[in-house]
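First up is the structure itself, then whatever we jot down about it.
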Amino acid sequence: MMTTRTCCGRQFNAPQYSSWSLEANSHRNNMGAVQSGPTEHEFQDIADRTGFSLEQIRNLHKRFKWLNNHQETLRREDFEKVLNLSLNPIRAKIIQAFFDKRNFGMNEVGLVEEIGFEEFLTVMSYFKPPNKKLTEDETEALRTKKLRFLFNMHDTDNDGTITLEEYRHLVEKLLSTCETLEQDTAQDIADAAMLEVARTTVVHMEPHEVYEGVTFEQFQQILKGIELETKMNVRFLQVNTTTMHCGK
Amino acid sequence: MPALLGGAGSPHHSPGLRWSLLVVVLILSVMASSAAASSPAASAAGTGQGNGTTLHTDSKTNGTSHHTKKAFPVLSVNYDYVRMPFEISLWILLASLMKLGFHLVPRLSAVVPESCLLIVVGLLVGGLMKLVGENPPVLDSKLFFLCLLPPIILDAGYFLPIRAFSENVGTILMFAVIGTLWNAAFTGMVLYGVCQAEGGELKEVGLLACLLFGSIVSAVDPVAVLAVFEEIHINELLHIIVFGESLLNDAVTVVLYHLFEEFSNAGMVTLADACLGVVCFLVVSLGGILVGAIYGVLGAFTSRFTSHTRVIEPLFVFLYSYMAYLSAEVFHLSGIMSLIACGVVMRPYVEANVSHKSYTTIKYFLKMWSSVSETLIFIFLGVSTVAGPHEWNWTFIIVTVFLCLLSRVLGVIGLTLIINRFRIVKLTCKDQFIVAYGGLRGAIAFSLVYLLSPEHFTKKNMFLTAIITVVFFTVFVQGMTIRPLVELLAVKRKKETKHTINEEIHIQFLDHLLGGIEDVCGHCGHHHWKDKLSRFNKAYVKKWLIAGDRSMEPQLISFYHKLELKQALMMLEGGGTYTNVSMQNIQPKRPVPERVVPRMSRGREEEVRKILRANLQNTRQRLRSYSRHTLFEDPLEGEEEDYSEAQMRKQRVEIHRRMSHYMTVPAKQNSPPARRVRFESDNQVFGSTPASTPSSRFQVSVVPSIQVTRAPMARMEQLSQESVSLVDESQQQDSERGGAYSSDGSLGAELSVPHGESDHLRLPRCFSDPGPNKMEEEEEDDEHFVS
């Protein structure tokens, strides 16, 4: 099942941390164990690494299992089961983020075809509210982490900048729910936004110079006003089981 | 009083003097008029004369009087005829002048909150009236609840920051409902205990009376909170928590008030009554919201059809809201919640329907009314303090003040412990302190006590005194110290700058992203419901409530349009952008742009110019946003006067900047390596991107200005010299006729910002083709480049 992965660097690592729990799990099932999920010990292991609580992990695991029909890995098609997601204007970008290696924290680039539970959790952990009170430095680190996630979502070709094309694409997607929109408006907005970035971050530019795109530092600078560390959070405690069953 | 005011104003001589003079004159006239009106003899004389006059007029109009014996009265006095409106206007005038004067003394407003000063003014006016032998008017509860309170609440509800409110609605409800209940119970019980222990005349204060008093005194007052919190510019979270609490606790207060009033009339309480009380609370709050929402929808629906009668458009907003308030009051529902609900429901649809002018009208009327009401309330509070029947009881009053503080602190700390478990952003100790300390009491409590019937509450006067003391304590002590405390604790302040377009995009993006993630993990959280609501809104509600295409306009686009307008205005005003990064810089390389030189007939150009001028002048007013407390600090305010002068100066600066820029161009050829330097061949030099055709929208910043690619190095020298001479030339032109100026005709590439004066508006180039005076330059350059 791991052979479908596209990136070879990934192939080596993948079985290690994406399917171990499942293998162990199926093994135990064969042995006739009562419990259907991974053991507490294994959960504890993930909890230590990702910072999720055991309950959150259990909930997310349940959800993960539901999403992929009790397979071991999650594929793009599995996200189609989430009904509400199909109405989301940026669903492509969201789904993409789950398969983007940059978000797994392994210093690798590229895309994968399917992900295991741990990658799923790693991506989710970008939205995890902090457990304790953070110091100033920790807050900054958290903020940078979240910003990097956003930046990676925008920077689709991983060249370190959000180019005008990418920005336009983003705004078009954002406005795609609106049927009566002229094509130009989205472009105008993206252009204006880009111009604004260029104005605020680059002090002086000769007319013949070309602004290549938003770098991560500039990205940080322009989003200073949004308290991302407090805004970009999702509570993972209660997973709604009714939609899970309805979805089935 | 004149002495005191003079003293306060003396460091700033002229405004202070003028102000105190005005005040003296005004106060004297108030005195004189009311003295004349109410001293029996004078009023009798006035009435007599008045009757005479009316009779006389009657007979005159009939044209049948031939037999009048007395001489025709050349000048007669009929004060009674105009007395009421006259005195009301006088009071409002006094209040407004006080506000005006207050803002003319900058040092004072930095230390003392406006509300404190207004109460002092009220005290002084009341004292003066007493001196003259007058009975100062008391803040009438009916007047207060029916006339003075609604504008303030509507203003608050209509401009309620929905996002912050809905994100913190749990916390707010917790403080408003549980917190107020706790405060009322704790204060009432302990007060009863103290009264019994103290004995004496306090012994006759019953438990129910104490509880009623407790419920009145425990509610945080929106008027007082608004007045103080708007001045200290605290961060949005704290502001919305305290302010939201003060708005929503109205339902609790209303229920408790009627409950205890009923009980103390009946004299008996059963368990069933208590249960009914809980039901009553739900009915009062939800009913209020329902009534408000119904009127809100009606208002939105009405505004759909007002496109032909723009003049009365704003009126519907006020009338429907007021009707909502009154209708709620009819059933003893929470009028405040009804008003808030009405404003919140109505606003997005009304704003999509009404014209820009009507929007401005609505905004200004609301602000004006609420501001005047607030001023009047505080002044009347002062006056009624002098007037009111007082019964001073040291024990009761001191215990009340103490209990108010204690129960508030305990309540906030206790509730925060619970709330913080559910909050992602925890409330810190500082936050808790500000929430507890910001719990100001105000005129609502005073009016409620004033409404009590003396038969059932023998100690009404003592209650009144105690309430006034609590109000004064919170407004003066807490209101005055909260600003230094906020600074001392370094509590986060409100962000002063507006959202940039990037921030707006990312806020939208985050909304969708979080909604999507919640969907993926199957968690029905805040974003999930918000998504659902907005989808429902889009699918059904908007079609019915919003006329025309604007129903489909997402928030980002309307935000963008506003921003566009603002930028267009900034450019017209000459403030413009000081960086010279232009569209060309960020534009990805394109294939050879087709050469488009838009040309229009003179007549057409004039027409477009006229339209734009009309539009821009109107909107300029709108964008200079009004706030009660920034009136003074508005940087544009001063500029208004010597507008043209400032503009001239700016132009100078701009010209100098450009000159130096072009002078140094050759030196700067070695630009930072990160940026790609682009040279292009000589022959394709002039072109404008297709989007630059004149359109009805103001796309100043976005529409690329005419794009001129830089000639190679060899020509640089020559070019820059030329441009300098050109700048000189245009500088001359500029000073001669104060007209527009643009040097980019030749060097293009920058976003050109012609500066026009208000009477001689020029269009930015991107709006139309270059003006006639620039035509020659353009052509000349054209040749130059091509040659």
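Keep in mind that glycine also has a Cβ here, set from the backbone N, Cα and C atoms.
Caution: TrEMBL annotation is automatic and unverified by curators.
When TrEMBL is compared with the stretches B:331-350, B:551-570, the one noted as transmembrane segment is B:331-350. Between the transmembrane segment (B:112-131) and the transmembrane segment (B:206-228), three or more CB pairs separated by 6 or more residues in sequence fall under 8 Å, so the two stretches touch. Scored on C-beta pairs under 8 angstroms, the neighbour of the transmembrane segment (B:331-350) with the top count among B:143-160, B:206-228, B:240-260, B:266-295, B:371-388 is B:266-295. Counting Cβ pairs under 8 Å that are 6 or more residues apart, the transmembrane segment (B:463-486) and the transmembrane segment (B:394-420) reach 3 or more and are in contact.
Here the transmembrane segment (B:371-388) touches the transmembrane segment (B:143-160). Their Cβ atoms form 3 or more pairs under 8 Å, with each pair 6 or more residues apart. Tertiary proximity for the transmembrane segment (B:394-420) is limited to same-chain residues at least six positions away from its ends with a CB under 8 Å from its CB atoms, namely 170-171, 174-175, 178-179, 182-183, 186-187, 190-191, 194-195, 198, 202, 213, 217-218, 426-427, 432, 435-436, 439, 441, 462, 465-466, 469-470, 473-474.
With pairs at least 6 apart in sequence, the transmembrane segment (B:240-260) and the transmembrane segment (B:172-194) have 3 or more Cβ pairs within the 8 Å limit; the two touch.
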